[in-house]
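Pulled from TrEMBL, these are the features on record:
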TRANSMEM  6-29  transmembrane segment
DOMAIN    17-98  domain 'Prepilin peptidase A24 N-terminal'
TRANSMEM  79-99  transmembrane segment
TRANSMEM  111-130  transmembrane segment
DOMAIN    117-221  domain 'Prepilin type IV endopeptidase peptidase'
TRANSMEM  136-155  transmembrane segment
TRANSMEM  167-188  transmembrane segment
TRANSMEM  200-225  transmembrane segment
TRANSMEM  237-260  transmembrane segment
Amino acid sequence: MSMTTVMWIFYIIIFFMGASVFSFVNVLIYRIPAQMPFGNDRSICPACKHVLNGYDMIPVFSYLILGGRCRFCKAKISVRYPLVEVLGGGLAVFSFYWFGKLEDGSLEGILRAVLVFVLLAVLTAISFIDIDTLEIPNGLVIAVLSCGLVSIVLFPELGIVPRIIGALAISLPMMILALVIAGAFGGGDIKLMAAAGLFLGWRCVIVAFLVAVLTGGIYGIYLLASKKKDRKGQFAFGPFLCVGIAAAVFAGESIIQWYMGFLI
């Protein structure tokens, strides 16, 4: 069997493992805002409350086989569930492709890829919960912070001082602005960027914030133009912060180098 075939098989396995993890992320997105336990309790249909069987929860495939409806009450299942699972599979593959160094059999690369994937899973949960509730749970911010602490060991080249500066570089100005202008930023947004700064360091956390402002600004203009929101309307900024953080994880330094080259 050629190495190329082996790698394809490996990435297919990684995709379905990532989709399975993000199936649990779907559970977090649904249960955390409802303050429901998510440890040992069996999954249920939100409509009829019937306990789901294992074969009803196979990532992506169960949704397709069931035609997007509950097996028991035939209530429609949100397309968000399989889309999140597909997203998880794709992010798992991309994390291992980018950081895994699989051709070298590097344990360090694999651990880095796993850490990045865990961070992306948490960011996904934060994004959808913020969309649904306009709140970012403290527990998920702590999870991002934990990823930052682990990254000190797995990404030692960044150093401690840039991380500490990164934890304050964006979150502190955000906090000051929130105190001066009511509603400028939510407390969850501020805490998220502090935790992300520990992972990214000061250079990349600035990139993350700028990406968030750019994408969030474009979305805000769309809402105003389509009259779905007025100037006083609020929308979740957390998802854009999460997109910015993810972009900075993979391409933060490349974006900085591109920008500096553009200026020069």
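Residue numbers in this text run from 1 along the chain shown.
Just so you know, glycine gets a Cβ as well, placed from its N, Cα and C.
Secondary structure of the domain 'Prepilin peptidase A24 N-terminal' (17-98) per DSSP, as helix, strand and coil residue counts: 42 helix, 4 strand, 36 coil. Beyond the transmembrane segment (111-130), the same-chain residues lying 6 or more positions past its ends with a Cβ under 8 Å from any Cβ of the stretch are 18, 21-22, 25, 28-29, 32-33, 80, 84, 87-88, 91-92, 95-96, 98-100, 136-137, 140-141, 143-144, 147, 150-151, 154-155, 188, 192, 199, 236-239, 242-243, 245-246, 249.
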